[in-house]
Ligand code: ATP
Ligand code: MG
């Protein structure tokens with residue numbers, strides 16, 4: 001019997017897992033500078049939370065959820081995204097009782113039954129932020145700047161910010177009506193899918209990839225020209241705040257989120273070097289979501305970034321993350337007595353922050369040296385009876401070939417001098 005990982009999932013193996021750790025560390029650091037704090041919610045929730053929180057008329061809820069009935073006969077769904085859970089937790093734990101806004105971030109696996117392809121998986125990982133409790137346009141700009149800053153910290157600059165406003169419950173219904181009438185007049189030119197969407201959710205026609213639909217859409221009424229004055233002001237303030245921190249944007253009136261609880265700002269960050277799956281992160285305001293999942297009225301804004309897409313972007317640009325290469329010291333041993341001594345030395349070195357390794361397969365000296373090479377050891381040392389008796393050994397810099405004699409009992413002090421602790 002041979003087992004494969006389920007379709008659309010990936011094992012994250014070393015050294016790749018080190019990249020993931022690096023990305024996660026950077027995230028924790030940067031997000032804390034912006035005063036966002038980590039929240040960890042369950043990997044699964046009651047299905048209804050996502051039906052309400054994501055919306056029945058979405059691809060995610062209609063086609064992509066991993067839903068099952070548990071042994072207690074409850075309908076459970078593996079989380080396909082993070083916002084609904086964060087909002088649920090915010091309400092359940094009455095966090096609205098604390099000083100606002102609340103700024104959360106999360107990081108972890110999400111599950112969607114999609115057709116696996118480059119940049120699209122069934123288990124994938126998102127890092128996301130949610131700022132709850134304020135409708136300040138400065139917060140919209142902060143969220144966008146945070147995401148862009150994170151990508152910049154990884155060396156990604158060739159990005160385009162697509163920005164739009166989708167209005168609010170005041171101005172959107174009239175716009176949707178206008179759009180519907182326009183689409184009905186062009187019904188015959190639209191793809192079959194979009195023909196059905198006209199009645200169910202006409203906004204979703206705007207992001208159809210079909211060429212014929214694109215032509216119709218290009219001439220459609222634009223939401224940006226149909227905003228009420230509050231929404232127009234909000235949008236113009238977001239743009240001003242972005243300009244303040246020198247973030248370029250491209251207003252894309254076709255960028256919409258199809259659901260009623262999305263309001264005002266919508267955005268996507270695209271990597272110009274990626275092909276079909278080029279959106280690295282996207283998000284927007286959802287001032288109507290809290291009410292939708294049974295709570296009070298509460299403004300919110302957030303984004304979610306796909307970590308696999310981020311890694312693809314880095315790959316496309318040949319950007320290497322500064323992950324630690326190998327061990328600091330490999331101790332090659334000859335004989336059992338030397339091994340025991342080495343084992344003790346390892347313990348001391350590791351407790352002092354050095355990455356060290358020895359052989360566990362009784363290999364010859366030659367094979368041990370090969371292992372050291374494979375592990376990209378920065379230094380090696382050979383320990384035999386002789387070295388033990390004389391309390392002296394030769395430590396070798398594997399890159400330069402330089403060797404120095406040291407007292408074995410001084411190994412820790414010597415290593416401290418040899419290895420630049422800065423990059424430990
Ligand atoms: P797409 O249009 O690419 O399907 P989406 O609108 O479904 O994206 P969101 O739900 O906004 O995406 O999720 C935010 C981010 O999560 C995306 O921009 C992308 O980077 C990532 N993402 C979404 N779905 C997947 C997936 N199946 N596999 C890998 N990454 C994904
Ligand atoms: Mg999708």
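Every residue, even glycine, has its Cβ placed from backbone N, Cα and C.
Per TrEMBL, the features are:
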type	residues	note
DOMAIN	23-322	domain 'Aminoacyl-transfer RNA synthetases class-II family profile'
BINDING	81, 82, 83, 112, 126, 130, 257, 261, 262	L-histidine binding site
- For residue 83 (L-histidine binding site), the three-state DSSP class is helix
- Note on the structure: CB contacts under 8 angstroms to residue 81 (L-histidine binding site), restricted to the same chain and 6+ apart in sequence, sorted by sequence, are 50, 54, 60, 110, 126, 128, 304
- Task: Mind running the binding-site residues 83, 126, 257, 262 against ligand 1 and keeping the ones whose CB falls under 6 Å of it?
- Result: 126
- Message: With Cβ-Cβ distance below 8 Å and at least 6 positions apart along the chain, what are the contacts of residue 83 (L-histidine binding site)? List them in sequence order.
- Response: 53, 128, 130, 286, 289, 300, 302, 304
- Residues with Cβ closer than 8 Å to the Cβ of residue 262 (L-histidine binding site), same chain and 6+ apart in sequence? 166, 256, 284, 285, 286, 288, 289
- Cβ neighbours within the same chain of residue 257 (L-histidine binding site) - under 8 Å, at least six residues apart: 166, 203, 266, 284
- Query: What does DSSP say about residue 257 (L-histidine binding site): helix, strand or coil?
  - Reply: coil
